[in-house]
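Listed features, source TrEMBL:
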type   : residues : note
COILED : 54-81    : coiled coil
REPEAT : 101-133  : repeat 'WD'
REPEAT : 191-232  : repeat 'WD'
REPEAT : 233-276  : repeat 'WD'
REPEAT : 277-318  : repeat 'WD'
REPEAT : 330-362  : repeat 'WD'
REPEAT : 363-393  : repeat 'WD'
Amino acid sequence: MCDQTFLVNVFGSCDKCFKQRPLRPVFKKSQQLNYCSQCAEIMASDGLHESETLAALRSEAESLKGKLEEERAKLHDVELRQVAERVEALGQFVMKTRRTLKGHGNKVLCMDWCRDKRRIVSSSQDGKVIVWDSFTTNKEHAVTMPCTWVMACAYAPSGCAIACGGLDNKCSVYPLTFDKNENMAAKKKSVAMHTNYLSACSFTNSDMQILTASGDGTCALWDVESGQLLQSFHGHGADVLCLDLAPSETGNTFVSGGCDKKAMVWDMRSGQCVQAFETHESDINSVRYYPSGDAFASGSDDATCRLYDLRADREVAIYSKESIIFGASSVDFSLSGRLLFAGYNDYTINVWDVLKGVRVSILFGHENRVSTLRVSPDGTAFCSGSWDHTLRVRSPAYFPAGDRRR
């Protein structure tokens, strides 16, 4: 989203020419150096033959990319909607707001559920991170960060810690205790350090490792206890805005999306990109794995949500309408995978039938753009956060036929 995009370059002394210029990180034999654009181009050209100019190599890469797309198109023999023609349609259904969480003094930017299906952590532009009891709407913990725009937060799998960060370029982990009067800031542990803002974070399947995404164009895997960088992921050409870990207990992959319009699937062990998809026409604000882990959805500023099948290695569905002209800021699946919830900048949440590609419901209530949305671990409710400073917890008044969330 353009409202959350900040300058990636840092001004300082170039490690090669030593002139004061805007810098960008360059990795040489796993060592990070800060080069100006001119020195970075010279380094990239070192060792090339006369005919191997950067322009020629770029042209060759584009040609190869085109051939790959042609091969993909040959396998594109049927649409998902055609396959789902015989599947029973979902009727209109009603979602009711069960709780409204009020306490933030500015835009809510991110939220996450605890695995106990009750507690929620949220972060805001007011510089605060709040842990809520979604049943009672009480605030159980509150942390004031050293900066505003706390753009990322996440609950640890054990429920005993939270992670958060934003314009401070760090990911900080706070342990949670039963003593609500305890000074949480005193137990803060700075785990990750990027060269630009932190846009997203997610614990892996344990409390000991955490994934982060940043405006510096990278993702990284960190050891929580030591703060050591375990693996870095380079490949995005602009700010990385979102990430999601594969749902499998032994999953070693995650997906990320960013301002370069790309969604990339990464191997956490090797640090390599194993699949990339570039069909959106604008920034990708949100990515979320399908419950089985065989596909993922994305939401973009181009006003569409898209579904990518990892086994087919291609986009299989687009969720859009001519009347939707505002960007999608956040997406998540129902527990069964039949529904896709998408929050938009026009203050609404659209609910899509994943198989048939049609909208089955529009949810109103927020008074500003919907910035974050997550379905609860048991699938019985979902929570949305908004620039109207509130979070809303909703659940269906009744479940539509065909959705087995109960």
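Heads up, the Cβ atoms here are built off N, Cα and C, so glycines get one too.
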Remote residues contacting the repeat 'WD' (101-133) - C-beta distance under 8 A, at least 6 residues beyond either end: 4, 139-155, 157, 159, 162, 164, 166, 174, 176, 200, 368, 371-372, 374-378, 380, 383, 385-387, 389-393
Same-chain residues near the repeat 'WD' (277-318), Cβ under 8 Å, at least 6 residues beyond its ends: 1-2, 5, 72, 75-76, 79-81, 241-248, 251, 255-259, 261-265, 324-333, 335-337, 340, 342-344, 352, 354, 357
Confidence summary for the repeat 'WD' (191-232), mean pLDDT rounded: 95
